[in-house]
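A quick write-up on the structure given underneath.
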Amino acid sequence: MCGIVGYIGKKEAAPILVEGLSKLEYRGYDSAGVAIIEDQVIRTRKCKGRLVNLEEKLNEESMIGDIGIGHTRWATHGEPSDKNSHPHNNEKGTISVVHNGIIENYIELREWLTSEGYKFVSETDTEVLPHLIDYYYKGDLLEAVMTAISKVEGSYAIGVVCSEEPDKVVAVRKDSPLIVGLGEEEYFIASDIPAVLNHTRDIYLLKDNEFVLMTKDGVKLFDKEGKEIKREIYHVTWNADAAEKGGYDHFMLKEIHEQPKVIKDTMTSRIMLGKDIKLDNIEISKEQMEKINKIYIVACGTAYHAGLVGKYTIEKLARIPVEVDIASEFRYKNPIIDKDTLMIVISQSGETADTLAALREAKKKGARVIAVTNVVGSSISREADDILYTWAGPEIAVASTKAYETQLVAMYILALYFAQEKGTLNKEELEELKEEMLSIPDKAEKCLETDEIMKKLASKTHMKKDMFFLGRGLDYAVALEGSLKLKEISYIHSEAYAAGELKHGPIALIEEGTIVITLATQEELFDKTVSNIKEVTTRGAKAIGIAFEGQKNMDKAVEEAIYIPKTKSIFAPLLSVIPLQLYSYYVSLEKGCDVDKPRNLAKSVTVE
């Protein structure tokens, strides 16, 4: 969740580091800092809070140097504070380290280093690293880092500089993302590609346990045995301005409005009328499909909600039993998996720590794994057997919108593909579903026209302390996502329930004026859902309903009805979520919250 940037070249390092860190703000952070080598001395500036605080500090106490490392920290060990911010230095101030991840054996290492005379000034796990590297340093920084890392247990992406070797940056990764940027006589390390895109499009994608040595002459990669590695350069084709706001007030609003396009992009070349579905990076034969007796879908947060839609859709169309698990729970329950199990992992970043751990657990037990991810070359995409990329483009706002939509599209593509390969749908049925799916981008565009309605609704309801979301079947999965969006960015306590469960407890929470938002797009369940709405309105709730155009009965059941274009009920989640995203956005705006960077949250959760 932290962001790392490192630089060596001919330019001033400080502004490049700060600019790079600003491109990683979406990852979430509570403090920031840089270390620059100036006249063979490491100068460190760091502080709690936003990057603007660090920039003010740098303006007051400028640093001149063409080599350095920078960091935005998300607290895991030790509170957010200046002393706990990175970079961390050894006592002599000759070695400086930035780190993303968790050192699991830091207590043992700290006790041992303390017994060796080292003094600690922070509460972080990271501070063991500069002391450990110092302990093993004998004039060769790369060798010292390699030896120190061999003593470390946990996950890490690390950048190191040393004033005694002022022409080097050393880095290493394990279970935490790190890339190398290859510029014109300048080189970079970073947690993610956007940090270097203003300077280069050529990068190395590092694998676990690989070390980097950057000098002004170039970059060398090594394995943990010290053997040099050759790596193909990956050329980034998307533009840096893809991560800009494009005239919208916030990234989140921009990304909501990009959804019709990214839905279409994710379907392109995969869903075509009159042609079989062919997926470039999935190589499951018909024979292998026949042997699959169970599917696990594993994900976290919003991606988990996409997985719930995937379960319903795959079971309905392909008739394969599907279980959906939260990744952080899955890996500890000793799941029943074998070679005839298929696992689908969903992660926008492709670096979600719990999802990656679940993937590895499944592979250990012999399962085949399909990754659904938005990031080419991410850890999850490299370790899975098959990949279905979601073409959402960079998503900057912490609260996911367009990435969620493309994850839903991926679930529908897989469901149709499995049905095609297993023969559970005939050609006419497949063509009918594909034709309807291809109409979704235009219908999603129409859903954006609810903007003004949701804005007015937000202005009337943003002061409420509690809200509830209801739905049945696929509507329940969307209710969960709508509730999560609201609590993520507006900090309003919100819960989602299967509408039929109301009478089993949740109805006790309904009182005069309670806001209840109900989705009613599943036609076979519409009447039952309306009955549930009546149960809450008779107890004083203010009901808001989302239904298809033409469902005029909704007007009579709720105080405010929002209508979306009609589609087949199975595809409703792609449309019904859009008004809920807009509502959450405008409630957050009314409350004066930080829409793109909500408190306590990070975009990419790369620690367990």
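Just so it is clear, glycine is given a Cβ too, placed from its N, Cα and C backbone atoms.
Marked as domain 'Glutamine amidotransferase type-2' by Swiss-Prot: 2-217. Summarising the annotation, Swiss-Prot assigns active site, nucleophile to Cys2. Marked as domain 'SIS 1' by Swiss-Prot on the basis of sequence analysis: 284-424. Marked as domain 'SIS 2' by Swiss-Prot on the basis of sequence analysis: 453-598. Here Swiss-Prot flags Lys603 as active site, for Fru-6P isomerization activity, drawing on sequence analysis.
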- Task: Summarise the domain 'SIS 2' (453-598) by DSSP state, stating how many residues are helix, strand and coil.
- Result: 78 helix, 29 strand, 39 coil
- Item | Cβ atoms near the residue listed as 'active site, nucleophile' (within 10 Å, other residues, all chains) | 29
- Query: Other than its own, how many Cβ atoms are within 10 Å of the Cβ belonging to Lys603 (active site, for Fru-6P isomerization activity)?
  - Reply: 24
- Query: Taking DSSP states H, G and I as helix and E and B as strand, how many residues of the domain 'SIS 1' (284-424) are helix, strand and coil?
  - Reply: 66 helix, 28 strand, 47 coil
- Could you tell me the mean pLDDT over the domain 'SIS 2' (453-598), as a whole number? 92
- Message: Between Cys2 (active site, nucleophile) and Lys603 (active site, for Fru-6P isomerization activity), how many Å separate their Cα atoms?
- Response: 10
- What DSSP gives for the residue listed as 'active site, nucleophile', in three states, is coil
